[in-house]
Amino acid sequence: MDAAKLAKLQQSVRIGYVHLPRNTSTFAHRNYLEQQKQGKGTPRRKTKRVHKTSTTDDKKLQTTLKKMNVQPIQAIEEVNMFKEDGNVIHFSNPKVHAAVPSNTFAIYGNGEEKELTELVPGILNQLGPDSLASLRKLAESYQSLQKKEAGEGKEDDDEDDIPDLVEGENFEGTVE
């Protein structure tokens with residue numbers, strides 16, 4: 001064997017190496033390079049990181065709460081959180097866990113943002129001094145609605161009534 005043939009043979013024996021002649025098209029060369037990235041003897045590439053889902057965050061929160069020794073609280077029917085803008089975050093039948101010594105409460109459930117007017121009859125005993133201003137605004141808006149409805153009702157009553165007689169005019173004479 002020639003030394004040149006022996007050198008070519010040694011190079012082709014290496015793992016993942018294919019000798020391409022120089023006159024090949026650039027497409028074939030690119031295809032070869034793509035295959036070279038995935039074959040034996042190539043360095044490992046970093047994989048794309050998958051973003052965390054909310055379930056992993058919930059699991060971390062659960063483990064942190066367990067470390068704080070929270071206990072479930074039973075028989076809570078609803079939770080209302082009053083916001084600065086007058087709206088309320090309302091939870092119906094939530095799961096509540098509490099760690100009283102550390103003043104920590106965790107509320108689980110679907111919260112709905114509602115206006116204070118939607119919850120008025122059952123929420124009055126929950127309002128404190130902080131919500132007094134919003135309660136006053138609510139009462140004023142309720143009174144203005146009552147006045148508007150009463151004003152509209154009076155106009156309807158006038159149409160149904162018999163008109164008053166005007167002094168000095170005889171309506172029977174004009175009909176004849």
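Going from the start of the chain as shown, residues are counted 1 onward.
Glycine is no exception: its Cβ is also placed from the backbone N, Cα and C atoms.
Listed in TrEMBL:
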- 34-55: region 'Disordered' (REGION)
- 42-52: compositional bias 'Basic residues' (COMPBIAS)
- 55-120: domain 'NAC-A/B' (DOMAIN)
- 146-176: region 'Disordered' (REGION)
- 154-176: compositional bias 'Acidic residues' (COMPBIAS)
Going by DSSP assignments with H, G and I as helix and E and B as strand, what are the residue counts for the domain 'NAC-A/B' (55-120)?
21 helix, 29 strand, 16 coil
Would you mind giving the whole-number mean pLDDT across the domain 'NAC-A/B' (55-120)?
87
